[in-house]
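See below for the structure under consideration.
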Amino acid sequence: MSPSVKQNVSAKHRSPHRYPMGRTLVSLFGAPVAWVMQMSLSEPIAAYACYPRQVPLSAPLWVELPLILAVISLVCLAAGLLSGYVAWTSWRQIRNGSVVITKAANGHPDAGVDEGQTRFLTMLGMMSSSLFIVAIVFTCCAIFLVPPCSAWI
Amino acid sequence: MASADITERPIDDHLARVPEIGCAPPGSDIEVQLARTWESEPGWRGWLSTVDHKAIGLRYIVTAFIFLIIGGLEALLIRIQLARPDQTLLTPEQYNQLFTMHGVTMIFLYALPILSGFSNYLWPLLLGSRDMAFPRLNAFSYWIFLFAGIFMYVSFPLGQAPNGGWFNYVPFSGPTFNTGPNIDVFALGMVLLGISTSVGSANFVVTLFRMRAPGMTINRVPILVWGTLTASVANLLVIPSVSLAFFLLWLDRQMGTHFFDVANGGKPLLWQHLFWIFGHPWVYAIVLPAMGIVSDALPTFCRRPLVGYTAMALATMAVMLIGFEVWIHHMFATGLPTVALSIFGAASMVISVPSSIAVFAWIATIWLGRPVFKTPFLFFAGFVMLFVIGGLSGVMTAAVPLDWQLNETYFIVAHLHYVLLGINVFPVVGGIYYWFPKFTGRMMDETLGKLSFWVMFIGFNVGFFPMHWAGLLGMPRRVYTYSSRMGWDGVNMITSIGSFVFAIGVLIFLVNVVVSLKRGALAGPNPWDAATLEWATSSPPPAYNFAVIPTVASRHPLWEDRLDEGRGRSNFKEGLLLAEGREAISTSPIDAKPLAILKMPDDTSTPFFLGLFISLLFVGLLLHWWLFTAATAIAGSLALIVWLWPRKALAQRAMPQGDNNG
């Protein structure tokens, strides 16, 4: 594919509707990122604390390990809930019509302004936040219920 | 969403052009010109140089299916060996090579490439485009895939095929315990295949966000596209991990490094991490597009739209995202600390949430629709049942204590076959029945089709369900034979019988393909009365796909009248006329607003030669022919220079004043 030959039909059009991109990104990716952070921090810290060199330990390297894991989980849960709140308020704004969405003119290739994509992305954000808040809670259960360096007995 | 505006830049007046809007009915001057512009040259030169996504897609499908047949024949040999205790048909080493090549073939050379074939063929048609974003890269991806497959099979007839299982654990696959060329072939072949997968994935990502028809906003994209997009993003992130793992292993074996060598401070667990960081997302990459096939095709036979489109799109992406953080569930038995395992066990269980959303969406679509029991519907409905069984055994093994009991037993073999055959092969075969009219212009035979489904479905369940039982009885995987005193005789015999029944079902399907190619009823543009854009063009589609660029007004462009979706109507007869050479329209990522005319490349054999030289370079590395390796590197670089040389026709070089038509 080559660099494009610009056509001048579309570039002059500016969408009258502007929904904040930042809010959409937070509601779509906030909770997933919080969950990924929870996983990516908790697993290596827990693994290293219980198995730092060649021999596994019966107690963690640091006594504060449960506290560290708990703090990570709670911070990530808070971030997930915040993302969920942003998603929920965005969805309510769209649903209540606080944000104006203009319908496209019939059939014209260049007329599309918002054909439901904002509503779709907001709904997607709300579902994404809900699912990954559940994922964070699941991971919290593992952290709070399983002793860090125990054997499976 | 205003993201379209992100891409807006001042227009270079020198390059500016206003495209015409009009009609191009069949036989009109513009249509004839389009056909002449887009059709490939007949004969072997055209065959070698075509960059048409449809030709490449079909090549992917046919090649991958040939690999499926080869892998299937290997499986049948394995099942003959295991049908009865103390069999001596195969030696242990032959058995090792057979089960390894079976896994490598099915997982790497069949499962993803066949889905790439579907997506390559269908994406531009589904999206209302003229081609993929990077047609030459598309051809290059196919050639590398083909050469990588040949590369990995070349040592098989010599009795030196890969023999360490498809996940190839060290230290067994290291230089100390595996001295032949077997593992080197696998290691270099996987790095080579990784090139194909990476460039193909990049092409899909750019195509989705740049090549949709005007009006196909992000909420109107078919689920197959979501599935392939998700898989492609995942591949871009995880292929480097496995390529690195295999490259480091090759260095250990051939250059004396010690990345995985315990005696010299290497870490075998490093292999497992690098492999499974890739391996688990890969498992989802080879099922999510197949789930997309079902999500897009099933509604056609239920005579209603898919229930829960948004939830399905989310489920698709969420499964993959969670799939990045579950790789350690393949390593539960490695002695990692308990809380680390529990975290990954919890994450593995979370996957059941989006998976269940998908299952309920399919069931609700069937429940609320008016099912038409054609062959594709049977395959898709059968898939839903197999998905549930495979998913349930997956959730079971997410529990660490149970996994310890089941690890390395036939229970795991049963689970992965339910997942990979159930969620990949059944949708793929159903998809071929569904899109065969589009591929060839002919319908497949319904009687043979239904027969093939029932034989495959019964054979599959007779063959693979008892494997759960064999695992619970303690039968370990990868044993080349077993004693009659173990109590595994009956269950293995049933499994072997079922496998052969399944193979007969596949054979009936192949017979149906051959018969239908010659004698199938002629299909019109939309023989199933389906809703999506690919059915708006003729069967098979013309080289240019759409004479005018379609304008899309809803998620179901061909069902708008009956669904009364939205206010506007999609338009396939009148739209942007782009006929000054090979041209396509570029649109904005979210809103699908037209942004630019893209000058698309003509056919060229450069991708073939670049792929050939790179593959020969790997042959040189394998055989330690260093001069040959250097020569192929130079030849490959020259091919790349030819490929990338700026051309006026592609607007890559400044045009003289007055010649601004591109």
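Each Cβ is built from the backbone N, Cα and C atoms, and glycine gets one as well.
For B:38-553, the entry in TrEMBL reads domain 'Cytochrome oxidase subunit I profile'. The annotation transmembrane segment is assigned in TrEMBL to B:60-82, B:102-127, B:139-156, B:270-294, B:306-328, B:340-365, B:377-400, B:412-436, B:448-470, B:490-515, B:604-621, B:627-645 (among others).
In this chain, the transmembrane segment (B:627-645) lies out of contact with the transmembrane segment (B:102-127); the count of Cβ pairs under 8 Å, excluding pairs fewer than 6 apart in sequence, is fewer than 3. By the Cβ criterion (under 8 Å, sequence separation of 6 or more), the transmembrane segment (B:60-82) is in contact with the transmembrane segment (B:490-515), since 3+ such pairs are found. Residues 291, 294, 297-298, 301-302, 329, 332, 338, 341-342, 345, 348-349, 351-352, 355, 359, 362-363, 366, 371, 406, 411-412, 414-415, 418-419, 421-423, 426-427, 429-430, 433, 450, 453-454, 457, 460, 465, 468 of the same chain, all 6+ positions outside the transmembrane segment (B:377-400), place their C-beta atoms under 8 angstroms from a C-beta of that stretch. Panel annotation: around the transmembrane segment (B:139-156), residues 50-51, 56, 59-60, 63, 67, 70, 97, 101, 104, 108-109, 113, 116, 162, 181-182, 185-186, 188-190, 192-193, 195-197, 199-200, 203, 607-608, 610-612, 614-615, 618-619 of the same chain, lying at least six beyond its termini, place a Cβ under 8 Å from a Cβ of the stretch. If one looks beyond the transmembrane segment (B:627-645) by at least 6 residues along the same chain, the residues whose Cβ comes under 8 Å of a Cβ in the stretch are 136, 604, 606-607, 609-610, 613-614, 616-617, 619-621. For the transmembrane segment (B:604-621), the residues of the chain that approach it from at least six positions outside its boundaries are 45, 48-49, 51, 136-137, 139-140, 143-144, 146-148, 151, 188-189, 191-192, 195, 250, 628-629, 632-633, 635-636, 639-640, 642-643, judged by C-beta separation under 8 angstroms.
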